[in-house]
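What Swiss-Prot shows for this protein is this:
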BINDING   GLY39, ALA40, THR41, GLY42, THR43, GLY44, LYS45, THR46  ATP binding site
DOMAIN    26-413  domain 'Helicase ATP-binding'
DOMAIN    430-592  domain 'Helicase C-terminal'
DOMAIN    624-659  domain 'UVR'
MOTIF     92-115  motif 'Beta-hairpin'
Amino acid sequence: MSQSFELVSQYKPQGDQPNAIRQLVAGINEGKKHQTLLGATGTGKTFTMSNVIQQVNKPTLVIAHNKTLAGQLYSEFKEFFPNNAVEYFVSYYDYYQPEAYVPQSDTYIEKDASINDEIDKLRHSATSALFERNDVIIVASVSCIYGLGSPEEYKELVCSLRTGMEIERNDLLRQLVDIQYDRNDVNFTRGTFRVRGDVVEIFPASRDEQCIRVEFFGDEIDRITEVDALTGEIKGERNHVAIFPASHFVTREEKLKRATKSIEAELEERLKELHDRGKLLEAQRLEQRTRYDLEMIHEMGFCSGIENYSRHLTLRKAGETPYTLLDFFPDDFLIIIDESHVTIPQIRAMYNGDQARKGVLVDHGFRLPSALDNRPLKFEEFEHKVHQAVFVSATPGPYELEHTPEMVEQIIRPTGLLDPVIEVRPIEGQIDDLIGEINERVAKNERVLVTTLTKKMAEDLTDYLKEVGIKVRYLHSEVKTLERIEIIRQLRLGTFNVLVGINLLREGLDIPEVSLVAILDADKEGFLRAERSLIQTIGRAARNANGYVIMYADRMTKSMQIAIDETKRRRSIQEEYNRKHGITPKTIEKRIPDVIKATAMVAEDGEEYTSHAPKQKMSKKEREAVIERMEAEMKEAAKTLNFERAAELRDLILELKAEG
């Protein structure tokens, strides 16, 4: 269905926005492959991009570098485009411990994961929308470059039903089973169907409230209705409905047979190779595991870890590019890479990290070499799939500078807000000085961000501020991804006034209430005090009319000087514009948006767990708190590839749960 994007907003483009929109749209229409929007913090980059999307009218993929940022962008685009398909596509794992082997200790760790059902639904909604309409915006994390099933297979297996269509009821049931729907007449949930006489009810994988009721008269479809899955209330009549597969990894039976033959051939070849090299243990291990998987595929149509055979299932050659979300888009689509200075390096690093882990599994006989082809895209493959891209950043990185020497600048804010004033103060007595500044802001009902260099300093500072009666929270790396949104929300609501953190950049902290950003140890050169990081951190105070930044330092580093000079340059351009147009700066008014349902279920307590499970008797509540903290540490350990620690924690958690 062809439909145009319809931007709904009470605002009109202002400041630098009209010029930025005009330049970007012209560049896209001229066929430019890469463009960069250098947009200062708070200049309304999302609104600019929304106007660009409306004018070029192409399906758009927006890539953010983490789930938190993707969640914020999803909420904003959904508000701007209420009548179009705005979708969300991130990794559906709440916890993911990849399969791994540690040769030093001869430890094999099985894959372990917990899937978030709400996010899985949103992923299905995203892919099905791309086949049903053109007016689609998908906000995704970098996980969109990981392998998915074949889009052709996915599209071919869509079950298309119309009123008056001749089809036997049992043929429809077989079709549904083929696309991985389960029959369940009792527990009716996403990805299932139930049968009552001549009525078949199907619960699509992309929905969580409404199902499709198909009524038969003999071998003909008599009526199709959309029904509330809980109450049974009819929501509307349908002449046609498309039921998309319940899994992105669907394969026809004949393809499955070809795949198993191909797996067997690879197994024989690999076993010969291992025997020739005298690796008998590895050969025995590989044969046992692969034969078991093949038997499961023969009997059940799938096996645990079937994605490791994806090259065979999609009939690809060794080393061939895997299918990803990008292949589900039509040829002429637009990619917007948000915070590109962070996102591009992340896309570049994905492949190497994945191959290092899988290479160990292959070498030691846990997987066939074809498992290496179940992977994210290499950076060159990603570049090849990009039709047209717009990089968006306040501090573009080397890749953007190389590919788009001429940048589209957006420095003027629609609200007239200026880049903050920066003051450098000595380190001696910095904490007492900071407390005085915090109290001044709290009295005006404003918020403060404090960034430190080490975890220890952040913890000590948080404890000290609490002791002197300041409402403060510490945002550390082990806070669950989706809990961060809730912490940011509480800061905005005034539940607490000061947020302390080490790397406050990655959160995408758009908080208009923040009037002071304090940077401790600003003169300690390194990633967190490099020019890009400093400019990004300074930008956190640019959404408030009283925005102010204090750098505590004993010397002026090159990075500090560049960041201060760039901020002054932008501020002078903004002041000149305000003077010319008679604008008085005013703080951004940004309502606290509704977030994705999956983000609402967050833990009450953000403390981190650092010790083993205590052996003494605990109450149920205490045990639950310990389990929650251990799970946070387990996820962090898996994320940093510390597989042994993650597996150890997983076992301790299972013990504690068993005791409960």
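Glycine residues also receive a Cβ, built from the backbone N, Cα and C atoms like all the rest.
Any idea what these are sitting next to in the structure?
Annotation for GLY44 (ATP binding site): same-chain Cβ neighbours under 8 Å, separated by at least 6 residues, are GLY15, GLN17, GLN410, ARG413, PRO414.
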On a simple 10 Å Cβ count over all chains shown, which one of the binding-site residues THR41, THR43, THR46 is most densely packed?
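By the 10 Å Cβ neighbour count, THR43 comes out on top.
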What does the DSSP secondary structure composition of the domain 'UVR' (624-659) look like, as residue counts for helix, strand and coil?
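Within the domain 'UVR' (624-659) the tally stands at 33 helix, 0 strand, 3 coil.
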Other residues with Cβ within 8 Å of the Cβ centroid of GLY39, ALA40, THR41, GLY42, THR43, GLY44, LYS45, THR46 at the ATP site?
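Not counting the recorded site residues, we get THR48, ALA394, GLN410, ARG413.
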For GLY42 (ATP binding site), which residues of its chain lie six or more apart in sequence with Cβ-Cβ distance below 8 Å?
ARG413, THR415, LEU417, ASP510, GLY539, ALA542, ARG543, ILE588
Note down the number of other Cβ atoms within 10 Å of the Cβ of LYS45 (ATP binding site), including every protein chain shown.
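Summing over all protein chains shown, LYS45 (ATP binding site) has 22 other Cβ atoms within 10 Å.
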Give me the mean pLDDT over the domain 'Helicase C-terminal' (430-592), rounded to a whole number.
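Residues in the domain 'Helicase C-terminal' (430-592) carry a mean pLDDT of 88 in this prediction.
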Three states by DSSP: which one describes GLY39 (ATP binding site)?
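Going by the DSSP assignment, GLY39 (ATP binding site) falls within a strand, counted as strand.
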With DSSP assignments reduced to helix, strand and coil, which class does THR46 (ATP binding site) get?
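Its secondary structure by DSSP: helix.
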